[in-house]
Structures are given as C-alpha cells and as structure tokens.
Amino acid sequence: MDWGALQTILGGVNKYSTSIGKIWLTVLFIFRIMILVVAAKEVWGDEQADFVCNTLQPGCKNVCYDHYFPISHIRLWALQLIFVSTPALLVAMHVAYRRHEKKRKFIKGEIKNEFKDIEEIKTQKVRIEGSLWWTYTSSIFFRVVFEAAFMYVFYVMYDGFSMQRLVKCNAWPCPNTVDCFVSRPTEKTVFTVFMIAVSGICILLNVTELCYLLIRYCSGKSKKPV
C-alpha cells in the first residue's frame with residue numbers, strides 16, 4: 001500500500017483541524033504509519049514460514065497457523081489505519097464542496113462583494129462551524145468507534161495482546177495434539193502492546209477533541225441572545 005499517498009491526503013486535512021486534531025495526525029503518522037512501515041514488517045516478516053510444528057503431517061502446520069492467526073497482525077493494523085483515516089477525508093471533501101459552491105456563486109455574481117477574486121476564496125481560512133462542525137464532529141466520533149472496535153476485535157481474535165511462545169493444536173489433519181512454536185514472541189508482544197497503547201492514546205485525543213468541540217459549541221449557543 002502507498003502510505004505516502006495517504007499521508008499527503010491527510011496532511012491536507014491537517015490545516016482544517018483543531019490543535020488537538022493536529023496532535024492526533026502527528027501521532028498517527030509517526031507512531032503508527034512509520035512504525036508499521038519501517039519496523040513491524042521486519043519483526044513479522046514471513047510469519048507462516050517461521051511458524052514451526054513438531055509434526056511432518058502434510059497440511060497440519062498450515063491449518064494450525066490459520067487457526068491461531070486468521071488475519072496477519074500487519075494486515076489488521078493496516079486495515080485499522082484505513083478505517084480510522086477515512087472519516088478525516090469526509091472533512092476535506094466537505095471543505096472542497098464549500099469552496100466549489102462559493103466559486104460558483106462568485107462567478108454568477110451572487111457574492112462578488114465578499115471576495116476580490118477566486119484566489120481569495122481558495123486561501124480563505126476555514127472555520128469549523130455550521131454544517132462543517134457536524135461533519136468534523138461526526139468524523140471524530142466514527143474514529144473513536146473504529147479504534148475501539150478494532151481493539152476489541154484484536155483482543156478477541158488473538159485471545160489477548162501477548163504473543164504465546166507455544167500453542168497446542170489438534171485440528172484436522174493433525175494426527176494428534178501437536179506443539180507449534182511462534183518465532184520471536186517477546187519482540188512481537190512488545191510491538192503489539194505498543195500499537196495498542198498508541199491506539200488508546202489516539203482514542204483519548206479524539207475524545208478530548210470531541211469534548212472541546214462540544215463545550216465550544218454549547219458556550220457559543222449560550223452567548224446568543226434569547
């Protein structure tokens with residue numbers, strides 16, 4: 001996957017974000033995407049080739065690996081990043097639509113008094129208010145939901161966040177209960193706990209930003225004359 005393209009797209013969203021949102025994007029890029037691309041792939045490598053079972057029965061090793069690791073950690077994290085990043089793109093699409101509408105009205109002469117030219121529309125600072133506030137807030141809410149959902153799926157699918165050194169398997173076509181060994185379990189456990197911890201930090205940042213937006217929205221409402 002081209003993570004550079006994703007970084008470029010989300011980097012454009014960064015200028016519409018709050019200060020907390022900018023911190024979230026920094027954590028996403030440095031502590032998740034960079035770690036996933038640079039380090040995690042080296043740790044996992046060819047997982048199935050390094051999964052060893054004490055049997056020569058054809059197919060037993062493959063079945064046992066599929067039973068304990070139905071989805072690769074790397075692919076699950078990549079899928080998580082895609083889901084978590086997608087709501088932020090809705091904000092960029094909303095801003096692009098707003099500017100397109102303003103350009104259309106400017107060309108028609110409906111708002112010529114508000115802007116000197118089209119370039120001023122492009123460089124106008126975007127404020128998180130009105131319908132954009134709802135889009136931005138909804139995107140944060142769905143980010144929290146996706147983060148929490150993937151953490152739950154990860155915990156259930158792998159029976160916790162630690163990597164076992166030895167797993168026992170009796171699935172067909174294994175002749176009996178066989179012992180299977182996972183390579184570099186401690187190193188993988190460290191990476192897994194790190195990625196889960198960063199997910200937790202991202203959830204905390206998203207919840208904090210959501211509370212900040214709600215408080216600002218409510219305080220703005222209270223200042224309006226009745």
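Note that the numbers count up from 1, one per residue, in the order the chain is shown.
Placed from the backbone N, Cα and C atoms, the Cβ positions cover glycine too.
Now, the feature entries from Swiss-Prot:
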type     : residues            : note
INTRAMEM : 2-13                : intramembrane segment
TOPO_DOM : 14-20               : topological domain 'Cytoplasmic'
TRANSMEM : 21-40               : transmembrane segment
TOPO_DOM : 41-73               : topological domain 'Extracellular'
BINDING  : GLU42, GLY45, GLU47 : Ca(2+) binding site
DISULFID : CYS53-CYS180        : disulfide bond
DISULFID : CYS60-CYS174        : disulfide bond
DISULFID : CYS64-CYS169        : disulfide bond
TRANSMEM : 74-94               : transmembrane segment
TOPO_DOM : 95-135              : topological domain 'Cytoplasmic'
TRANSMEM : 136-156             : transmembrane segment
TOPO_DOM : 157-189             : topological domain 'Extracellular'
TRANSMEM : 190-210             : transmembrane segment
TOPO_DOM : 211-226             : topological domain 'Cytoplasmic'
Exercise. Please name the residue among the binding-site residues GLU42, GLU47 whose C-beta has the most neighbouring C-beta atoms within 10 angstroms.
Key: GLU47
Self-check item: Distance [Cα-Cα, Å, rounded] between CYS180 (disulfide bond) and CYS169 (disulfide bond)
Solution: 7
Quiz item: How many neighbouring Cβ atoms, not counting its own, are there within 10 Å of the Cβ of CYS64 (disulfide bond)?
Solution: 22
Quiz item: Which state, by DSSP, holds GLU47 (Ca(2+) binding site): helix, strand or coil?
Solution: coil
Self-check item: Long-range Cβ neighbours of the topological domain 'Extracellular' (157-189) (under 8 Å; 6 or more residues past either end)
Solution: 43-44, 47, 50-55, 57-61, 63-65, 67-71, 73, 76, 196
Quiz prompt | CYS64 (disulfide bond) versus CYS174 (disulfide bond) - Cα distance in angstrom | solution = 9
Quiz item: Under the DSSP assignment, what numbers of helix, strand and coil residues are found in the topological domain 'Extracellular' (41-73)?
Solution: 14 helix, 2 strand, 17 coil
Quiz item: Near CYS53 (disulfide bond), which recorded positions out of GLU47, CYS60, CYS64, CYS169 have their CA within 10 Å?
Solution: CYS60, CYS64, CYS169
Quiz item: GLU42 (Ca(2+) binding site): which of the disulfide-bonded residues CYS60, CYS64, CYS169 is the nearest Cα neighbour?
Solution: CYS64
Quiz item: For the topological domain 'Extracellular' (157-189), what are the DSSP-based totals of helix, strand and coil residues?
Solution: 6 helix, 8 strand, 19 coil
Exercise. Determine the Cβ neighbour count for CYS60 (disulfide bond): the number of other Cβ atoms within 10 Å of its Cβ.
Key: 22
Quiz item: Could you give the Cα-Cα distance between CYS169 (disulfide bond) and CYS60 (disulfide bond), in whole Å?
Solution: 9
